[in-house]
Structures are given as C-alpha cells and as structure tokens.
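S.K.: Before I ask anything, here is the structure I am working with.
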Amino acid sequence: MTPHISAKKDDISKVVLMPGDPLRAKWIAEQFLDQAKLVNEVRGMFAYTGQYKSKTVTVMGHGMGIPSIGIYSYELMNFYEVETIIRIGSCGALAPQLKLKDLVIASKAWSESIYAKDMGVEIPEDKILFATSSLVELAKETAIKNKLDFHEGLVFCEDAFYQTRKDVISLAKEKNSLAVEMEAHALYANAILLKKKALTLLTVSDSLVTHEALSSELRQKSFKQMALLALEMTQKLI
C-alpha cells in the first residue's frame with residue numbers, strides 16, 4: 001500500500017498495462033479480462049487485475065503528464081515489484097508520414113522535463129531515454145503477427161498540453177520526432193532507475209501536420225487494436 005495505491009501487493013500483476021484515462025482501464029478490464037477485480041480506486045485511478053488467456057494481468061490508469069505517471073509507475077515498480085509496464089495512449093503526429101489511427105511504438109523519448117534529473121537518472125546531452133529493447137522487439141513481432149502496421153522511433157514528451165512555444169515543436173521536428181505525447185520520458189526514467197522494463201504504445205489521435213483529429217468513436221476503435229496488441233504481448237511476458 002502507498003499513498004496513492006491501496007491494493008495489496010499480491011493484487012498487482014508483475015506486468016501492468018497503463019492507459020492514461022482510468023475509465024479506459026475499466027473498459028479494458030470489462031471487455032477483455034476474465035474474473036476482473038477492482039484493486040484500486042484511490043483518487044479515482046482505477047486498477048483492475050484479471051485473466052487474459054489464463055495469464056494474470058493488471059490494467060491501471062496513470063493520469064495525465066509526467067508527474068502523474070512518474071508517481072504511479074514508480075510506486076508500482078518500487079513498492080509492488082512490478083517488472084514490466086506498457087503504457088497505451090494517444091499522441092499527436094509530428095511527422096507527415098503518420099496518419100490518424102496509426103500505431104506508434106515509442107522506442108525512445110526526449111523531453112525538456114527535469115523529472116529524470118530529479119530522480120537521479122543520468123541524462124545524455126540529447127535528452128533521449130530509451131524503452132526496453134526486448135519490449136520494442138516483442139511489440140514489433142506481435143504487431144506483425146497480428147497484421148498491424150506500425151511506426152517505430154522517437155517521440156517528444158512535453159510538459160505543457162497547451163504549448164505556446166513554437167520553437168519547441170520546431171525542435172521536435174528537427175530531431176525527427178514522430179509524435180508528441182506527455183508521459184513516456186518519465187516512464188522510461190523510472191524503468192532505468194529501478195532496472196525494470198517499460199514501453200509506450202501510441203495511437204495517433206490528431207495531427208499537428210494536417211490538423212485533423214479522430215472522432216470519439218474512431219478513437220475508441222483504434223484504441224481497442226492497441227490494447228489488444230499490448231494484451232497479446234503479455235502472453236510472452238508472464
């Protein structure tokens with residue numbers, strides 16, 4: 001038990017899927033997990049543990065932004081001894097080749113956030129942190145097996161959703177960032193610090209290139225494909 005998670009240690013699987021929205025965690029549990037049990041609802045951040053194809057999986061929301069996922073992923077890895085966290089979320093396309101609904105495997109992330117530095121993680125000059133390579137390969141293999149197209153590469157992890165500094169977005173494009181999101185850098189920092197495994201999977205929900213955006217219905221449909229990809233990955237991790 002922590003200040004933010006009330007679950008018993010045995011209630012949390014060694015592999016956790018983390019959407020940003022706790023209601024999506026609830027939806028995944030209801031749609032895909034057998035014998036799903038609510039194990040946390042502190043601050044409305046729902047966590048469910050259940051069975052997917054006879055393997056025990058936990059699905060828990062992480063909230064919005066670096067500080068939020070920083071807290072939840074750290075507590076899961078450090079106090080609940082979770083070995084692997086896969087974030088499943090949305091992103092905004094920065095690269096012209098990314099279309100709405102495309103799947104992005106974020107093998108690396110960069111940010112101007114000081115979170116990683118504050119946690120004592122050594123930051124390279126380019127500020128890029130990497131996902132766990134074995135998870136990146138597993139995600140690609142699983143996507144190919146399930147005939148899902150994907151893009152793999154660098155994402156920009158920003159602190160401000162309503163970003164007004166145009167130079168930051170320009171810099172992100174100059175670094176060949178595929179997309180922008182708000183959590184991957186902190187998740188990877190915690191995994192590096194605690195010697196755990198982490199990966200971020202993203203669905204393109206809007207484009208900063210074409211200024212298009214998915215409807216709520218299409219967001220849910222594309223999110224379903226990504227959630228199933230992550231769930232299929234768990235079969236090789238547990």
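Each Cβ is built from the backbone N, Cα and C atoms, and glycine gets one as well.
According to Swiss-Prot, the purine D-ribonucleoside binding site annotation covers HIS4, GLU181, MET182, GLU183, SER205, ASP206. Among the features that Swiss-Prot reports, phosphate binding site is placed at GLY20, ARG24, ARG43, ARG87, ILE88, GLY89, SER90, with the record citing similarity to another entry. The active site, proton donor annotation in Swiss-Prot covers ASP206 and is backed by sequence analysis. For ARG219, the entry in Swiss-Prot reads site 'Important for catalytic activity'.
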S.K.: What does the structure give for the C-alpha distance between HIS4 (purine D-ribonucleoside binding site) and ARG43 (phosphate binding site)? Integer Å is fine.
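M.R.: Distance between the two Cα atoms comes out at 7 Å.
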S.K.: Over all shown protein chains, what is the count of other CB atoms within 10 A of the CB belonging to ARG24 (phosphate binding site)?
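M.R.: That number is 20.
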S.K.: How many whole Å apart are the CA atoms of ARG219 (site 'Important for catalytic activity') and SER90 (phosphate binding site)?
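M.R.: Their Cα atoms are separated by 9 Å.
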S.K.: To the nearest whole angstrom, state the Cα distance for the pair MET182 (purine D-ribonucleoside binding site) and ARG24 (phosphate binding site).
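M.R.: About 17 Å separate the Cα atoms of these two residues.
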S.K.: Could you state the whole-number distance in Å separating the C-alpha atoms of SER205 (purine D-ribonucleoside binding site) and ARG24 (phosphate binding site)?
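M.R.: Pair distance, Cα basis, whole Å: 15 Å.
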S.K.: What is the total of other Cβ atoms whose distance to the Cβ of ARG219 (site 'Important for catalytic activity') is within 10 Å?
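M.R.: For ARG219 (site 'Important for catalytic activity'), the 10 Å Cβ neighbour count is 17.
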S.K.: Which of these binding-site residues is closest to ARG87 (phosphate binding site) if you go by CA atoms: GLU181, GLU183, ASP206?
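M.R.: In terms of Cα distance, ARG87 (phosphate binding site) lies closest to GLU183.
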S.K.: List the Cα distance (Å, whole number) between GLY20 (phosphate binding site) and GLU181 (purine D-ribonucleoside binding site).
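M.R.: Rounded to a whole number, the Cα-Cα distance is 11 Å.
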S.K.: Distance between SER90 (phosphate binding site) and GLU181 (purine D-ribonucleoside binding site) at the Cα atoms, whole Å?
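M.R.: Between the alpha carbons of SER90 (phosphate binding site) and GLU181 (purine D-ribonucleoside binding site) there are 7 Å.
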S.K.: Helix, strand or coil: which one is ARG43 (phosphate binding site) in, per DSSP?
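M.R.: Once the DSSP labels are grouped into three classes, ARG43 (phosphate binding site) ends up as helix.
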